[in-house]
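Asker: Here it is: the structure, laid out below.
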Amino acid sequence: MTLKKRSSAPELPTSLDEDEEEDSPQPLSNTPFFSMKNLIVATPIILTPLLYGYNLGFVGPYSTMYGYASNCQLYSAKKSCETLTAAKCRWFNASTYVSNTTYGEVCGWADRTTCFLKYSDEAGCLSDSACKWSYSANTCGNQVGYSSIQSGVFAGSLVIGSTMGALMGGYLTKRLDYCKSFLFIGLLSVIGNVLTHVATGLFHYWVLFVARIVLGFPLGWQSITSSHYTDKFAPANHAKTLGTLFQVSVSTGIFVTSFFGLVLGNTIQYDAASNANTMGRMQGLVSVSTLLSIFVVFLPLITKDGYSKSRRGDYEGENSEDASRKAAEEYTMTQMIGPILNGVAMGCVTQLTGINANMNFAPTIMSNLGLQPLVGNIIVMAWNMLATFCVIPLSRRFSMRTLFLFCGFVGSLCCVFLGGIPVYPGVTKSDKAISGIAITGIAIFIALYEMGVGPCFYVLAVDVFPESFRPIGSSITVGVMFIFNLIINICYPIATEGISGGPSGNPNKGQAVAFIFFGCIGVVACVIEYFFLQPWVEPEAKMTDDLDGAAVPEGKHD
């Protein structure tokens, strides 16, 4: 094959990275970014992550509301006290319980110690397993809501299902194609939410645990299917930006949960002569997720199948010969060890830097820093959502790799030097200074995470693999990320409480150690990824063979 004839052979794209695509001879779509065509293509990556985000942000508000529903001490009217269903409460005169008291009629526990009446000193309070001492208020109170172990298992239950869904998502999507996949994702989500309604009505913890696992499976599955669908059918010049909508939708869903949590949880009338209806409020929080699941069931009406087609073939007029050649470029698991290890490192940066500790336990963290739990929660989630929208213009200016590494590295430093070291007891003298520095550190970390790490992860989870290996590769990458997520969700509340010295210890100690750990992991992972993280590029020899095959044989010119 002569040089002249080689130059006439069709040139193949070598990378899916933005910087490489600029020189690609593939025709780009003239479709404007804000168009009905792009909206239809992006609907799955908007709706299904919105459902995922809502349930990701569900743990904090739901747990806080359960704490309100099981805390008899909060209620100051007989009707609201005795109609509480999450705890056995009774209305009585305090003088019949203890002789030396300034309280009159109070709401206390019918089946265990009413700690705020019985104990006024720390030693007596800590001697009773039903009680805990508050160092901030210098009072004794009952253990209410979920324990640290229950909180961790509750937060982890969704992730258990999501991990299984993510690991199986590539295989299931390949077998079912897109329309049936979205249908089953919607139906399984509805089933999971119905079980959550049942668990809430019964106040049964283990039914809730099972319900969240069932719900987690389709939410993990959708993280593969929706990203792959958008990457497949989006125009080349909009694909990366549309891909970042996954994290934008997740953060929006988290904010929606915090909004409903604030509206439902902070409007309880503790002194009203009526039923506080805490169970109904918790059911209302679940019902939004149920409604979103029903919407997902109808996604097949606007989506289309085409799993076996090459990427963006419908938009860019790719011929069937090119498509079949790409589909035939199979890679073994051994050949993909490098990209898979890249995916593991990305999972470390995405989860082991502590984002879901902030998301799931934001009410507790903000309460420890002096804010009302649900108010602090919505502030965190609003900031989280606003920061995510910044990725849309940034993704059109910088590559996914640059955003991921820069934001991950700087965010990890914030964890150590703002969220960790200054919060450790004895380092900063003023409580107000501790709160101010820690909240600033958390805010900067969340902003950097949502402007780079989170949105770029789901794009890079596809881009680091060749096209034929993407369903399996992205499933492994997202599955590993969910495993790290599970570890954090279960271990964070247990570890921070243990490091702090138990339920009555100083929570700042455990929180500081956790954030220092998060930051160190993030810094190390980002340094490793700086040298190894690259979008997939076909090996030069393979590209040359493809070009030779596409050229006209010399004999046919003679």
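Any Cβ shown, glycine's included, is placed from N, Cα and C.
In case it's useful when we look at the structure, here is the feature table from Swiss-Prot:
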- 1-28: region 'Disordered' (REGION)
- 1-38: topological domain 'Cytoplasmic' (TOPO_DOM)
- 60-152: topological domain 'Extracellular' (TOPO_DOM)
- 174-179: topological domain 'Cytoplasmic' (TOPO_DOM)
- 201-204: topological domain 'Extracellular' (TOPO_DOM)
- 226-241: topological domain 'Cytoplasmic' (TOPO_DOM)
- 263-281: topological domain 'Extracellular' (TOPO_DOM)
- 357-373: topological domain 'Extracellular' (TOPO_DOM)
- 395-402: topological domain 'Cytoplasmic' (TOPO_DOM)
- 424-441: topological domain 'Extracellular' (TOPO_DOM)
- 464-478: topological domain 'Cytoplasmic' (TOPO_DOM)
- 500-512: topological domain 'Extracellular' (TOPO_DOM)
- 534-558: topological domain 'Cytoplasmic' (TOPO_DOM)
- 39-59: transmembrane segment (TRANSMEM)
- 153-173: transmembrane segment (TRANSMEM)
- 180-200: transmembrane segment (TRANSMEM)
- 205-225: transmembrane segment (TRANSMEM)
- 242-262: transmembrane segment (TRANSMEM)
- 282-302: transmembrane segment (TRANSMEM)
- 336-356: transmembrane segment (TRANSMEM)
- 374-394: transmembrane segment (TRANSMEM)
- 403-423: transmembrane segment (TRANSMEM)
- 442-463: transmembrane segment (TRANSMEM)
- 479-499: transmembrane segment (TRANSMEM)
- 513-533: transmembrane segment (TRANSMEM)
Asker: Quickly jot the same-chain residues contacting the topological domain 'Extracellular' (424-441) by Cβ under 8 Å, restricted to those at least six beyond its ends, or write none.
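Answerer: Distal contacts: 369-370, 414-415, 417-418, 506, 508-509, 511-513, 515.
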Asker: How about the transmembrane segment (336-356) with the transmembrane segment (242-262) - do they touch, taking at least 3 C-beta pairs under 8 Å (6 or more apart in sequence) as contact?
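Answerer: By the criterion, they do not touch.
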Asker: Are there three or more C-beta pairs under 8 angstroms joining the transmembrane segment (442-463) and the transmembrane segment (242-262), sequence spacing 6 or more?
Answerer: yes
Asker: Using a Cβ distance cut-off of under 8 Å, indicate which of 153-173, 403-423, 442-463 has the most pairs with the transmembrane segment (374-394).
Answerer: 442-463
Asker: Given pairs 6 or more apart, does the transmembrane segment (479-499) have at least three Cβ pairs under 8 Å with the transmembrane segment (39-59)?
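Answerer: Since fewer than 3 Cβ pairs under 8 Å link them, the transmembrane segment (479-499) and the transmembrane segment (39-59) do not come into contact.
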Asker: What else in the chain is close to the topological domain 'Extracellular' (201-204), if you only count residues 6 or more beyond its ends and a Cβ gap under 8 Å?
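Answerer: Residues packing against the topological domain 'Extracellular' (201-204) from afar: 69, 85-86, 279, 283.
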Asker: Would you mind giving the whole-number mean pLDDT across the topological domain 'Extracellular' (201-204)?
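Answerer: Mean pLDDT across the topological domain 'Extracellular' (201-204) comes out at 89.
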Asker: What is the three-state DSSP composition of the topological domain 'Cytoplasmic' (174-179), stated as helix, strand and coil residue counts?
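Answerer: Output for the topological domain 'Cytoplasmic' (174-179) reads 6 helix, 0 strand, 0 coil.
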Asker: Return the stretch with the most CB pairs under 8 A relative to the transmembrane segment (403-423), choosing among 39-59, 282-302, 442-463.
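Answerer: Between the candidates 39-59, 282-302, 442-463, the best contact partner of the transmembrane segment (403-423) is 442-463.
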